[in-house]
Amino acid sequence: MSRLVFVLNGPNLNLLGKRQPHIYGHETLADVEAECRTLAAELRLDIAFRQSNREYEIIDWIHEARETAVGIVINPAAFTHTSVAILDALNAFEGPVIEVHISNVHKREAFRHHSYVSLRADGVIAGLGTQGYLLGLQRIARLTADEPA
Ligand code: DQA
């Protein structure tokens, strides 16, 4: 039976590849989705890959994941640093949650050093570029396997 993982992206990530490429690189979000789909097939995971600039939509997707998904990989983008509501939604999700940041947020402005989402995340990946998404998927695959390591 295949397992569904939600890969959720927050505000401005629709501009990936065009927005501050010296920080976020040249790959687009469509490129990242394609890479995630290739890896997910190898890991025998299904993925729902989504992006929104609206906080409520991300919250609704996390609620949807409660019913359908085994895990969540999330790059909440700027909502990382502001959203108690996304934290609360993730706290209502039972499976593993991996938080991903393309840039190393700890090397940047002080306001990026705090993450509400990290209070819930089982793992946090920052500064590994878009590879972080792939590592997040691998971790979810392992944590949701029959015999997790
Ligand atoms: C980000 C880091 C956040 O601080 C920022 O607001 C983003 C992207 C990252 O992937 O590095 O939009 O989550």
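Cβ atoms here come from the backbone N, Cα and C positions, even for glycine.
Taken from TrEMBL, the feature site 'Transition state stabilizer' covers Arg19. If you take the C-beta of Arg19 (site 'Transition state stabilizer') and look for same-chain residues 6 or more apart in sequence within under 8 angstroms, you find Asn12.
Positions annotated as active site, proton acceptor by TrEMBL: Tyr24. Secondary structure from DSSP puts Tyr24 (active site, proton acceptor) in a helix. Residue density at Tyr24 (active site, proton acceptor): 19 other Cβ atoms are found within 10 A of its Cβ, drawing on all protein chains shown.
Under a cutoff of 8 A between CB atoms, and with a sequence separation of 6+ in the same chain, the neighbours of His81 (substrate binding site) are Phe111, Arg112, His114, Ser115, Tyr116. The feature substrate binding site is assigned by TrEMBL to Asn75, His81, Asp88, Ile102, Ser103, Arg112.
Sequence-distant contacts of His101 (active site, proton donor), defined as residues of its own chain at least six apart whose C-beta falls under 8 angstroms from its C-beta, comprise Asn75, Thr80, Val124, Ile125, Ala126, Gly127, Gly132. According to TrEMBL, the feature active site, proton donor maps to His101.
Site extent for substrate: the farthest pair of Cα atoms among Asn75, His81, Asp88, Ile102, Ser103, Arg112 sits 24 Å apart.
In terms of Cα spacing, the binding-site residues Asp88, Ile102, Ser103 that come within 10 Å of Tyr24 (active site, proton acceptor) are Ile102, Ser103.
With a cut-off of 6 Å between Cβ and the nearest atom of ligand 1, the recorded positions Arg19, Asp88, Ile102 reduce to Ile102. The binding-site residues under consideration are Asn75, Ser103. Their Cβ neighbour counts within 10 Å are lowest for Ser103.
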